[in-house]
Amino acid sequence: MHAGWNLLGKKQVPSLAFFSLAMLGGALLFAPLLLVGRDWVGLGTDFWWLLLFSGGFQGVYMAGLAWAYARGEISVLYPLARALPVLLVPCVSFIIWQHLALSLRDIGGMLLIALAGFMLPLVRPSAFSWSLYLTPALGFMLMAAAGTVGYSLIDKSAIDLMRADGLSATLAGLQYMVLQAWMAVLWMFPVVALMPSERAAARLLLQGPARIWVLAGLMVLSTYGLVLIAMAYTEDVSYLVALRQASIPLGALLGVFWLKETLSGFRWFSLALMMTGLVLVALN
């Protein structure tokens, strides 16, 4: 589903306006979850500050993705945008907390996942060229990666606060999913309103069928909701950031068996390398 909403964003109008409407659609669809117990209303100030900044980082991530997709190919950008946080989250986590709950096997697995993400855009090793990566989209891809690092670390802390307040892992994950979506909308819509190109994209999207961006929102929140629930059960969010990359080989396999796409031998090797890294991390 993660690859699916990224494809929708690229195929439609790759813009912050699209992802803003998608987040709004998802937030509206899942809003009734906030009525299942009201314990979240009484959460302390620390939680609400975390939620505020998480929404901002989610907006940075969505803006980076949108503006990168408008300037480059998703086959190159998607693996890179997913690979960078695998390396960055453990590094930033260690800098902040001076503690890393990862074994050498975990680190080795994460390095393999990230390396495979950089290799996947290549059809063959001889096709390597810095120009493939150093495109106008690179800065926005780095922006998306920074957003992922920010909201991943913050969301883990916020989920821990909800759990400490007595919420179950499932309820904490699902309700935080909705709250974060609303907060991201509050960050993104003013940016859309201030940028002429984004306002034009929003008008174009609103003239078309709403089901496209509502479907994207459903997919965005559903996929991240599962991640948030899993956060309640892990000590280090680095594991989840790494294991989320399972969507890349799964998406590739679906493309081969469902859409009858073909992959070069080198891309099969890259996927095998990523699966090896995923297995190493999952074994822990």
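The backbone N, Cα and C atoms fix where each Cβ goes, and this holds for glycine too.
Annotation source TrEMBL lists transmembrane segment at 16-35, 47-68, 80-101, 107-123, 130-154, 174-192, 212-233, 266-283.
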Chain residues in Cβ proximity to the transmembrane segment (212-233) (below 8 Å; excluding those fewer than six residues from its ends, i.e. six or more beyond): 1-2, 4-5, 8-9, 12, 18-19, 21-27, 29-30, 155-156, 159-160, 163, 169-170, 172-174, 176-178, 181, 205, 240, 244, 247
Stretch among 16-35, 80-101, 107-123, 130-154, 266-283 sharing the most Cβ pairs under 8 Å with the transmembrane segment (47-68): 130-154
Range from 80-101, 107-123, 266-283 with most C-beta pairs under 8 A to the transmembrane segment (130-154): 80-101
